[in-house]
Amino acid sequence: MEPKTKKQRSLYIPYAGPVLLEFPLLNKGSAFSMEERRNFNLLGLLPEVVETIEEQAERAWIQYQGFKTEIDKHIYLRNIQDTNETLFYRLVNNHLDEMMPVIYTPTVGAACERFSEIYRRSRGVFISYQNRHNMDDILQNVPNHNIKVIVVTDGERILGLGDQGIGGMGIPIGKLSLYTACGGISPAYTLPVVLDVGTNNQQLLNDPLYMGWRNPRITDDEYYEFVDEFIQAVKQRWPDVLLQFEDFAQKNAMPLLNRYRNEICSFNDDIQGTAAVTVGTLIAASRAAGGQLSEKKIVFLGAGSAGCGIAEMIIAQTQREGLSEEAARQKVFMVDRFGLLTDKMPNLLPFQTKLVQKRENLSDRDTDSDVLSLLDVVRNVKPDILIGVSGQTGLFTEEIIREMHKHCPRPIVMPLSNPTSRVEATPQDIIAWTEGNALVATGSPFNPVVWKDKIYPIAQCNNAFIFPGIGLGVIASGASRITDEMLMSASETLAQYSPLVLNGEGLVLPELKDIQKVSRAIAFAVGKMAQQQGVAVKTSAEALQQAIDDNFWQAEYRDYRRTSI
């Protein structure tokens, strides 16, 4: 499923002179040919030498290496993105291992916190509650008419950092950068959006540089009516768009997903994308150990919308492997700050109710307390898999990990909280506490661990292995909805590309250098499943693959021809 080399057709454009140089999607900078410089009134506006994109990328790489901090590197890359998008993606794809953590997690967290301070140039759409009656006009102001993917946030739950107001715009920008870099979706088809509904972050409200609406967050009916106005305006402007909800607070994330997933082609990456990549990782890890996921007992720390979304997808996968729903649910244990979720626990959220354990089934557990802590659960359940989505650092203690290892020779430990400052335990500690026997996957990037002269590669359970392929598959197939089965097909495909499964060694997830290949394979699986489920028009496998090839954008300059407006 490698992309076929295709001759790029000439592009006819009406812009010229300084206007063309200020258009990030079209600007080539020093790579404009002499003929183009004459035809587009660029003579004298650029240095004499005509460069290739690789020469430009090499200069940018040298400049990038001159920056000492990750946030300065992030600012530099964003500046390139805002002046020459083709060069930006060529540079990022040339150095994806180095630059993905800079354009997205963990560095994007700091960029969101400092958004108003480091702001240079507008990108995307800012829709404030004050402008709610101008929603249609705002979307009409977007110059790109053929938007195919929107990532939207309200900035309330940015990574593990909480309410960042309009600073949350850094997340949709970063996410869409990965749709392009990893999934080949043209940047001309993407649109980042932030819904500015105020902020409850007092530090931002007191910051004279803060650029958002200085007001406490709207809530309840006002909030949901505002979001609905946005959804209806999007449907009117781009009826076939894929809409990704990103970093909404727990109280809103699941209700919004449930409300709109059958009204517009949409999904929530924090819930469904995280679940899909985690399940793909667990399928691969289970196969590498010579078994199936359905044979494992799993404990979660964190029972919010993300954790419960992962749990439900695990349950669906283990049912596919032959378990009944009841048996599948009995193998999943959810622990939050109040302890193990049981049917006797008050004030459960709606999405938690199906994930409780029956209290009477726990009467023989080795504890006198009515509240079962994480250590109690690990000691009594003897899990094979421990997953952290708590957003709190250090909660996987040495005592807990050693207790788990006591009963499980090859534990799978996944501290998934972002950014790195919120991780439940570091890979270095987990490897040491399990005498080198744990299989570790994290939510943020970590360097390989060296323990007793042996190198342990650490897989990043990165949603970027999933959502770009889903987006490409939706666009190529013309899917009108994203179903649970489409997400499951993405997980299964990801597991098939595990080096640990294929070779018996290495990472449990593919290397980043292979991410475009993996995204294309996921796109095919997702598109095929969409056709099988009737949410996309059925075609031959060859036609679907051709559609993926045709929609896979490459960071290459096209030849320009002049046309009138």
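A Cβ is built for glycine as well, from the same backbone N, Cα and C atoms used for every other residue.
The active site, proton donor annotation in Swiss-Prot covers Y104. As annotated by Swiss-Prot, NAD(+) binding site applies to R157, D270, N418, with the evidence given as sequence analysis. Look at Swiss-Prot and you will find K175 tagged as active site, proton acceptor. If you look up Swiss-Prot, you'll see E246, D247, D270 marked as divalent metal cation binding site, on the strength of sequence analysis. Sequence annotations record features per position, and here Swiss-Prot assigns site 'Important for activity' to D270.
Sequence-distant neighbours of D270 (NAD(+) binding site): residues of the same chain at least 6 apart with a C-beta under 8 Å from its C-beta are R157, F245, E246, D247, F248, A253, S305, A306, G309.
For the binding-site residues given as E246, D247, the lowest number of other CB atoms within 10 Å of the residue's CB is seen at D247.
In sequence order, G174, K175, S177, L178, A464 make up the list of same-chain residues 6 or more apart from Y104 (active site, proton donor) whose Cβ falls under 8 Å from its Cβ.
What surrounds the NAD(+) site, by Cβ distance within 8 Å of the Cβ centroid and not counting R157, D270, N418, is the set I158, L159, G160, D247, A306, G391 from the same chain. Surrounding the centroid of the Cβ atoms of E246, D247, D270, where the record places divalent metal cation, the chain contributes additional residues within 8 Å, namely T153, R157, I158, I171, F245, F248, A253, N268, D269. Sequence-distant contacts (6 or more apart, same chain, Cβ under 8 Å) of N418 (NAD(+) binding site) comprise T105, P106, G109, L159, G160, G443, S444. With a 10 A radius on its CB, R157 (NAD(+) binding site) counts 25 other CB atoms from all the protein chains.
DSSP assigns D270 (NAD(+) binding site) to a helix in the three-state reduction.
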